[in-house]
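A short write-up of the structure that comes next.
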Amino acid sequence: AKATILLMPKFDINSLLALIHKHKVTIAPVVPPIVLAISKSPDLHKYDLSSIRVLKSGGAPLGKELEDTLRAKFPNAKLGQGYGMTEAGPVLTMSLAFAKEPIDVKPGACGTVVRNAEMKIVDPETGHSLPRNQSGEICIRGDQIMKGYLNDGEATERTIDKDGWLHTGDIGYIDDDDELFIVDRLKELIKYKGFQVAPAELEALLLTHPKISDAAVVPMKDEAAGEVPVAFVVISNGYTDTTEDEIKQFISKQVVFYKRINRVFFIDAIPKSPSGKILRKDLRAKIAASVPK
């Protein structure tokens with residue numbers, strides 16, 4: 001088997017669409033920010049994207065709304081999510097949509113664990129294994145995981161326990177059909193009065209607002225609650241009259257009290273890494289610089 005791989009020097013949505021159109025690309029690995037850019041692009045109709053037959057999403061949780069949007073844009077393509085990390089192979093699970101005999105995919109599912117590995121979910125505080133459908137830290141064990149971090153025994157010891165389980169730092173759960181669902185990064189969870197709030201969940205809701213083209217959620221220190229969720233949003237062209245209260249009310253109607261957005265900051269663009277991941281540390285720095293001590 002053989003295939004041609006197209007590489008882009010940097011991401012630009014119109015360049016991506018033009019490459020697919022020109023070269024009749026068939027397989028597209030994407031991350032959620034690229035899915036967002038595709039779904040929000042006003043120029044999508046200018047390109048023939050019918051050659052796409054497989055869309056694989058990874059790198060971060062893909063919200064149901066974005067997943068549904070992508071399916072609508074590419075009705076003839078197989079769409080699924082996968083999960084993995086460099087330290088472990090890297091592929092750990094893959095959507096059942098890509099199986100030899102495809103199975104209907106549940107929204108948000110990342111598929112089942114690969115055959116040469118074991119997976120379990122543990123309580124991040126106690127290390128005890130958790131039952132199905134209960135969120136905790138994802139742990140993986142198998143011959144494919146790394147031996148350790150080069151010249152960093154301390155980091156290796158924190159990551160791989162005495163029984164050989166690699167603690168991924170990701171929060172997720174396994175359902176009754178052995179499928180994995182990702183919630184968020186453990187270190188990204190916002191701790192509000194003992195409750196845990198996943199930024200990815202709020203970001204997915206924010207992106208359903210018709211006036212928001214991009215969004216990110218990070219914690220802000222709060223004397224009473226410990227931490228509260230705050231949002232950085234990019235407003236779509238033509239909606240400059242959008243207010244902070246409008247966005248806060250939009251979220252409040254859909255979530256329990258401890259997940260409500262405390263503040264909204266308007267920004268020109270969400271800072272992201274070359275792979276499309278949100279640079280949350282940059283946003284936390286903006287908060288530290290703008291909020292009075």
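Just so you know, glycine gets a Cβ as well, placed from its N, Cα and C.
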For the ATP site that Swiss-Prot gives with Gln81, Gly82, Thr86, Asp170, Arg185, which of Lys277, Lys286 also belongs there?
Lys277
Looking at the binding-site residues Lys187, Lys191, Lys193, the one with the fewest other Cβ atoms inside 10 Å is Lys187
Expressed in Å to no decimal places, the gap between the Cα atoms of Gly59 ((E)-4-coumaroyl-AMP binding site) and Lys193 (CoA binding site) is 29
Note: in the chain of Met94 ((E)-4-coumaroyl-AMP binding site), residues six or more apart in sequence with C-beta under 8 angstroms of its C-beta are Gly80, Gly82, Cys110, Gly111, Thr112, Val114
Composition by DSSP (helix, strand, coil) of residues within the region 'SBD1' (12-81):
33 helix, 12 strand, 25 coil
Other CB atoms, at most 10 A from the CB of Arg185 (ATP binding site)
18
Taking only the binding-site residues Gln81, Arg185, Lys187, which one has a CA atom nearest to the CA atom of Lys10 (CoA binding site)?
Gln81
